[in-house]
Every structure is written in C-alpha cells, then in structure tokens.
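What follows is a short report on a single structure.
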C-alpha cells in the first residue's frame, strides 16, 4: 500500500479569541469574587442584626435597671418611713408608760389619803352611831338619859361625876335634893329663890303641826315650813360668823355631811394652809376672827385646807351637825319613837343651837 505522508506547513499565528471559555481561568476568578462579596454582605448583615439585637438587649437591661433603681428607692423610702414611725412609736410608748406611772402614783397617793380620811370619818361615825343608839334606846323626853344629855345635870353633879337620877319626868337632881334636910310637912327651910326647881315644858301646837307635816314625807329640802322655820330661827343664826363666805361654805358642808372636825394635836393628815388670814391659827379662830385658843380644826369636803376654830365655834357647828344627824336618822327610819318623842328631841336640839349661838358651851374638865 501506499502511505501518504502529509506535512502541515505552519502558517502565521492568528489572533486569540477574547471569549472566555467555559471552565477557564477567568471564569474561575469571577466565581471567587462573587463568593467573597456574598460572604462580606452576609457578615455585614449578621453583624448589623447582632448589633441590633445587642442594642435591644442593652436597652431592655437599662430599662430593667431603672425600674430596679426606682423600686430600691421606693423601698428605701418605705424603710426610712418605717424607722421614723418606729422611733415615734417607741417615744410615744415611753411617754405613755411614764404618764401611766405618774397617774398610778397620783391615784395611789389620792387613794391612801382618801383611805386615811375615810378611816377618820369611820371612827367619828362609829362614835356618833354608838352615842345615838344609846340616846335612842335609853332616852325619851319624858325619861331622858342624863348621861347622854349632860346639860340636864346640875353643875355640882357634873363636877363630881355623880350618877343621875332616872325617875319619871325631869325630876330634881338626887344629889342636890338629898343633901337638903326637909322641915316637917315636906317643905325646905331654904328661901324660895334658893330652892331647886323642876324644868317643865309645854308643846307648841303650830310647831308640832309643822313637824308632823314634815314627818309624813321627811326630806332635807327647804320646801317644808318645818325646815324653813328652823333654818331661819336656828341654823342660820348659829352658823352666822364674822367671815360670811367661810360661814356659807361651812353650812353647805354640814348640809352635805362632808364636814370634818379634828383635834389639832391628833391630826394625822397633811395640813395645807391657804394663808394665815383665811385659815386662822392655834390662837385665832378662822370663823370669828377672835383670838382664842383653837384646839380643833375643820376640813370642808374635798378641800385641802384646814381651818382652826375656837371652842365656841366648834360648839355651834356641832350643835347644827347633831340636829342634821337626828333628822337624817328620822328620814332613814332609824328612830323608833312616836311622833311626840321625836318632836321633843328636835326641840332639845334646837335649844342646843340657840344656847351655842349665845356663846355657852361645855368644856372638858382637866
């Protein structure tokens, strides 16, 4: 066979084509740049989104911190307010405790003082009740108990302490009549002006009628004619002293049964003096203003002041107190006598007020 060998003659080089070939080097470069740009844009986007999220979280955290700061400030204010209230409450409790202690001490002192006054009044009332029982049980106008009524005894009998004669009516004193020898025929040899006499009495019908009207409805009000007369004729004059204002206070205390009479030397209560002129002194009577030896003092109700009184002033006050005591017992139903006996006892007490008003009084024999 024939072998044909051909030879290619190289010609001049032609121009290169500028169209990129698929899968060539330039195609590969463009693909890398696109990836890088995509990555850059993705990272920027991620970065912006992360920054935005962090910014939102930061804002939320700041808002939460502000809320917590406000809450802490509010709690701090509450704490300060509670501490202030606690301090005020503690101070108030201490002040209240001190006040209660002071009031308790004052009440205790007042109670002790009232107890002493009550004990003194109780002793006085017990003595009055005992004396009144003796008078009510053993004394009547027709047959008086001369021990309960020493004014019925003669001066000689009182000074010697002789026992009274308990005969019917107001009989002669036994020691006086027994010491006088009688002449034949029963008459005394003494002149008529020296012979002992017997006290007699006669009832006033007007006074007795007023007393009966009062006794039917006994009261201490001045609405009855019986008490109006006694106030006008006996109580008013008997308690009328130089110091009129103090006299009115004494009368009110007697009416309210709140007057206390005590011996000066035996007084155990603290004595509060308003001044020497008002309260008098051991040598000057506070009611009359006369210089006399004052062995007793009076206290009016709940007043703190004590007033010195002379024996005559004491006798006048005591006479009025005895009258009020007796009519109070009648009002309370403690007197078991008939109306006539009560009337004569009231009359005797009225006579005591009149005698005391005139300046007569009994003194203890030393």
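Going from the start of the chain as shown, residues are counted 1 onward.
Cβ coordinates are placed from backbone N, Cα and C, and glycine is handled just like the others.
Unlike curated records, TrEMBL annotations are generated automatically.
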Identify the region 'Disordered' range according to TrEMBL, selecting from 78-136, 137-195.
137-195
TrEMBL annotation of region 'Disordered' - which of the ranges 1-42, 211-252 it falls on:
1-42
